[in-house]
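What TrEMBL records for 96 is active site, electrophile. Under the heading active site, proton acceptor, TrEMBL lists 168. The substrate binding site annotation in TrEMBL covers 9, 10, 11, 174, 214, 235, 236.
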Ligand code: PEP
């Protein structure tokens, strides 16, 4: 059985004490969520150690939002996968569309990042998704196939077993526009089939594929009911503990 996951991407929001409070609120409410749902929070780098303390002994796992594409050394301002593992952090989000779009992250760079993260035994939440103009031109399947093939097809089966995929249509992120459950399911099924081409059906069936893009308590149930949707990567709604937990209760 693949994992059900709800992960909160806090992006560049909250200062450290607020992040600590939010983490504690989520821990406080986490008992309401069925035990087969993995809960993850991804605060900014500055918050990781303090949030790790707040999560200690709880069921809520810690993720970072990015890591460097280099192992160590003279890369001012970067944070390595080894540093994250030493916090300790369990997951890292890589390939988010905001990183691809604003910080020039290419598929090639993401291969390096993912390999470094996996080498430190971190699990990776790898994001894929098309822009609005790509969907309008009917190119979304090609875009997603490249994002999967050019990156994940460079991994071994063992490495792939530590990867969660998040499908996040760029036009749905932070816009209030959610993909319909049919649109999301169609792409999730496509991603799973693409993963199966390289890693086989069993491995593809074990891969959790999350939906992201304006997912909230009001639409999570319909999305999570789809056969190939194994949970959500949540942006805005993950900043309110009650909303985040309500989403996680929507399976
Ligand atoms: C995200 O950026 O990962 C995301 C899904 O954001 P939002 O939920 O705010 O659309």
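Keep in mind that glycine also has a Cβ here, set from the backbone N, Cα and C atoms.
A TrEMBL annotation is a machine prediction, not a hand-curated record.
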Within 8 Å of the centroid of the Cβ atoms of 9, 10, 11, 174, 214, 235, 236, which other residues of that chain place their own Cβ, given that this set defines the recorded substrate site?
13, 173, 234, 237, 238, 239
Around the Cβ of residue 11 (substrate binding site), how many other Cβ atoms lie within 10 Å? Please give the count over every shown protein chain.
18
Of all the binding-site residues given, 9, 214, which has the fewest Cβ neighbours within 10 Å once its own Cβ is left out?
214
Residue 168 (active site, proton acceptor): tally of other CB atoms within 10 A of its CB:
27
Pop the Cα-Cα gap between the residue listed as 'active site, proton acceptor' and residue 236 (substrate binding site) into the table, whole Å please.
14
Cα distance, the residue listed as 'active site, proton acceptor' to residue 214 (substrate binding site), nearest Å?
9
Taking a cut-off of under 6 Å between Cβ and any atom of ligand 1, tell me which of the binding-site residues 10, 174, 214, 235, 236 pass.
174, 214, 235, 236
For the residue listed as 'active site, electrophile', which of these binding-site residues sit within 10 Å, Cα to Cα: 10, 174, 235?
none
List nothing but the largest Cα to Cα distance in Å, as a whole number, among the residues 9, 10, 11, 174, 214, 235, 236 that the record says bind substrate.
14
Could you say which of the binding-site residues 174, 235, 236 has its Cβ with the most other Cβ atoms inside 10 Å?
235
Helix, strand or coil for residue 9 (substrate binding site)? Use DSSP.
strand
Recorded positions compared (10, 96) - highest count of Cβ atoms within 10 Å:
96
